[in-house]
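Annotated features, as they stand in TrEMBL:
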- Ser45, Asp48, Arg76: substrate binding site (BINDING)
- 37-189: domain 'PurE' (DOMAIN)
Amino acid sequence: MQQKQTDENVRAALNLGHEHGVLVSAEGVGEAAQGEPKVLVTMGSDSDLPLMMKAVDILRYEFGIPCLVQINSVHRDLRAAVQHIENLPASIQVVIACAGGAAHLPGNIADLRADLPVIGVPRDLGALKGIDALLSMVQMPEGAPVAVMAIGDAGAVNAGIHAAKEVAIGDPAIRERLQVYAEKRKGKVRRQNETLEEKIKG
Ligand code: RP5
């Protein structure tokens, strides 16, 4: 009961209605989530969500960083997107923005929020294999930078890791988790070498 009250207080303080996003942490989603969101994970459509969950999941499970997840379409409802981005909770330190096609969302956010780093994840919509979104994001004119990741799954995961690195600048606990994550990756190479002779023998 007390936890529920605390969660409600957090949501009230963050001013989160459904329209303003869903809080996600390692503990759960929405009312089950805990902590203040440090990263906004936003996208142009919920069709981008399966891709963006790769960023959300690495943030919450690998690094313990709560996120706010929000749909913002600068093609379908520009005014609502501006309203959301201008009124983010003060705890947000980094924005991850995904879109496909003529992907204007990350660049628009970089202009709206001079105070926040923006990481762009280009999505492959099929016709141009994501090159359209990649070029739309990476070719930002001078003054409103977007840190653009790779197209697709690797880009989404790397966006989560890059956002964690930004949060880690002011949080030694996250720095440690980044080191643990790096050690796990080294372990993978060690294990592959251990089984290499057997694999070559076939
Ligand atoms: C973009 O258009 C979205 O970010 C999405 O990648 C793409 C297609 O959206 P839906 O038609 O699937 O809603 O704005």
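Just so it is clear, glycine is given a Cβ too, placed from its N, Cα and C backbone atoms.
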Contacting binding-site residues for ligand 1, chosen from Ser45, Asp48, Arg76 when the Cβ sits under 6 angstroms of any of its atoms: Ser45, Asp48
Other residues, Cβ within 8 Å of Ser45, Asp48, Arg76 Cβ centroid (substrate site): Met43, Gly44, Asp46, Ser47, Ile71, Ser73, His75, Ala99
